[in-house]
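Asks: Pulled these features from TrEMBL for this protein:
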ACT_SITE  LYS199  active site, schiff-base intermediate with substrate
BINDING   GLU238  Mg(2+) binding site
ACT_SITE  LYS253  active site, schiff-base intermediate with substrate
Amino acid sequence: MSSFPALRMRRGRSSPWMREMLAENRLHPSDFILPMFVCEGSGCEEPIASLRGVSRWSVDRLAERAREAARLGIPCVALFPNTPARLRTDDAAEALNPDNLICRGIRAIKDAVPQIGILTDVALDPYTSHGHDGLTDDRGCVVNDATVEMLVRQAVVQAAAGADIVAPSDMMDGRVGAIRSALEQDGHCDVAIMAYAAKYASAFYGPFRDAVGSKGLLKGDKRSYQMDPANGFEAIREVELDLAEGADMVMVKPGLPYLDVLARVKDTFGVPTFAYQVSGEYAMIEAAAEAGAADRDALILETLMAFKRAGATGVLTYHALDAARLING
Ligand code: PBG
């Protein structure tokens, strides 16, 4: 075994070209999925206070953003609706409306930017009056099987509108298999499923709930369906189940605080594994930069590289446009 002074690790870091040549991972715009928020109205851009730099866009302005993403080399966008309060009900009926914000958003983007992929969230929280991802019983508990029936119908409605990937983010049991068979039955065999397989009950979702307008509505918390941050092995079981039920790709969420889970999932299954760098992580980076505590561009690139190093196939990130611009130079 040769060691110092014969072996000097710094030789490999000695110049920019050497570092470039020896880099184990590289960021590319195709690593990113851009989440976008959709609102009612026309010609609207609504800045989101807790997510500085991110806005909700009305359907007629959504395609501009998607076109910019495509131009930068981003392969896919993820859509989330800010459903008007009057359309939020206990039974989340608006989730099944083929003309809801999401379906109109899908069609607008498909029309204008057919080359970009569209991922949609399957969960009821943007449509319920209580802000939970599912239907609740009279004690306010989220009921699994009745919720799954709704999610199945919601996924089929999104697929019919043109979604390329449906992404159940609700954490109900058995929903991936139920959605897969409904999609097959309905002729949507090309629509893929990205399962939010290991989704933790996290404080990092705060700004997102503000963005979709469910923040003030949520009664209680989501700990009876989203995972306990204490658990790592349980994530492996969740992923195993979702894959067995027909998930094409899986996701770990949040991102940076759960890199250990991401790496374990990727190393265990070797399937397409995505990370969601969630709204609270975005807000944390922005706040650090704003406070002058660190360089914003460097934080963006370093955190995204961390996902790649941990084994991520790609990352859902609100910094997708910024990152792609930085990478493209
Ligand atoms: C809801 C959903 C959430 C996110 C994506 N889908 C929030 C939640 O579970 O409460 C969070 C994304 C983010 O924080 O950026 N089904």
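Each residue, glycine too, has its Cβ placed from N, Cα and C.
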Asks: Counting Cβ atoms within 10 Å of each candidate's own Cβ, which of the active-site residues LYS199, LYS253 comes out highest?
Replies: LYS199
Asks: What does the structure give for the C-alpha distance between GLU238 (Mg(2+) binding site) and LYS199 (active site, schiff-base intermediate with substrate)? Integer Å is fine.
Replies: 9
Asks: Note down the number of other Cβ atoms within 10 Å of the Cβ of GLU238 (Mg(2+) binding site), including every protein chain shown.
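Replies: Step by step: centre on the Cβ of GLU238 (Mg(2+) binding site), count other Cβ atoms within 10 Å, giving 23.
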Asks: Give me the Cα-Cα distance between LYS199 (active site, schiff-base intermediate with substrate) and LYS253 (active site, schiff-base intermediate with substrate), rounded to a whole Å.
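Replies: Cα-Cα, rounded: 5 Å.
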Asks: What kind of secondary structure is LYS199 (active site, schiff-base intermediate with substrate) part of, going by DSSP in three states?
Replies: strand
